[in-house]
């Protein structure tokens, strides 16, 4: 946990989000991991932080949600990162406002078209062996070189938020969000370099150690609560997301009866990328294309034979012609290949990160047990699979597959993989129609594992964003190291960040405009969250003010009480420059509470109360029945969605009742699937829910009637005859 959190703490886009936009870390979900992480980052990066920090809440919260991390057994740093990033995304996610697209044709629609082999070249030349394959790297530029970057040290006297007590009066809002305060905050963000430099000169390198009260009892390395944060002037945090589809990217969800909502969070903004996978049938030449989302990239470490194929001149030629990952080796000729071969003969194979990427994106032949099911041929056919990156994320997490798990044992691959500290070029793996412009990445941090497959020790090497120096984080020990030490490390997980000189120039230009202080007749509100992207992203994308606006253009009632933490006011010349450069919007000169949303919220609240009260009444009556003749079964998955809605945890009602996962048809009758996640309700309750939401199918259980013994029947008949006689 120490190595993982130290690596994240030195990724600027994520840390800066929690420091600048901490008001967005709001959740009703337990155990509120985002609040614990916000507290940890605030303490780590405060100018007057203590010498040690105990992240007890975060530690206990992770164990509560994921039982895997309980106890003191050995755990994996990458699994911890996946768990943490997934929890942060789930707690911070917000629905994406649907905006009509001028070009309605989507990538998904184009995937259904038949394509020839020549059509395939523009899409991809690499192949993924699994849907988990993905690539993305993040670049890093030192803050000291860019005056537009904001320092991550929190000053003692900082107060970026205004108190807004009465939002029913719009004048109070406008008075609170005055031009002077907003300009001071933005100027402070854009011109923090001088303050940072002064702090560096006066304080030198600051070392912070995070200790755990449980560390004395911990036997493993990952599960201990020891976090040493030695940060010369502190750095910013980056978030990490798993390659496994722990959270889905907008538009990639499977269709349901209910219209699937799209969600985003700061985690998906930073770490999500997409790849296009193409499979060509070798019989009919039909090409099927799918779009896949990734949050990290798990790369294989190629062996000698794989390296020979990747580096051979003949293989290069065939791949380069197809526009494949062989482009990464195109400049290399026979001489360089021969020299590497000689080296590998004496000292073992020389493996680079580019080799791992090329192996990951190499074409994959689908034959034998892995034959491709062709929709056109309607049969299993031999095929070839390719893939390329459609969009690169801002920060790429690369996981090197160093562990092999067999049936009876596990082994570790100790091959050294060389990786660049700066200038990792991913152009060879980019799809030709990709909108991504920045494909160069710089290293932020490296997590290393020392030991065997069954036990070991984790350390992290991280680059400080404020002084551009590298530090080794080894539990309670934090040491400044050289770049050569980092390059010789046995990397396990790497964080890369996009690098863009153009983005830095743009930030410096806006910073110089702020110094001019032109008189402005109009003031514009802009999202703090987008400004954070502008300060830390290489490609911030269009301006988006929808995180504080509703579909009607007003402020949602639920965000009215803390709107001052969501927006910043800019003069007209700054807005004009940002808008002309990035587009987006909408432009906002006046903030007001949306009365339409207020009325809708009141209706929804009334509906929640009515449905909940009726359900409770019907369920009590059902429990009081001594021997009900029938039970109606309902999917607990749907019921939990409905429960979240009526209790106010989810803003939208669920879709139609969906019992398809708990039902099975036998002899024309719908019965309950054995072991299904279901609950039992009365017929009246079923009719009540079905009338409102519709759906189905009906799954009815009828309790068996106990058979009556023949002797008892004869006795009852005798008593009845005697009674009649009397």
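Using N, Cα and C of the backbone, Cβ positions are placed for all residues, glycine too.
A TrEMBL annotation is a machine prediction, not a hand-curated record.
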Note to self: Looking at 106-139, 140-173, 174-207, 276-309, I want to know which stretch TrEMBL calls region 'Disordered'.
What the structure shows: 106-139
Next item on the list: Kindly point out the range from 2-38, 39-75, 224-260 that TrEMBL annotates with region 'Disordered'.
Entry: 224-260
Check: What are the DSSP helix/strand/coil residue counts across the domain 'DUSP' (603-705)?
Finding: 44 helix, 23 strand, 36 coil
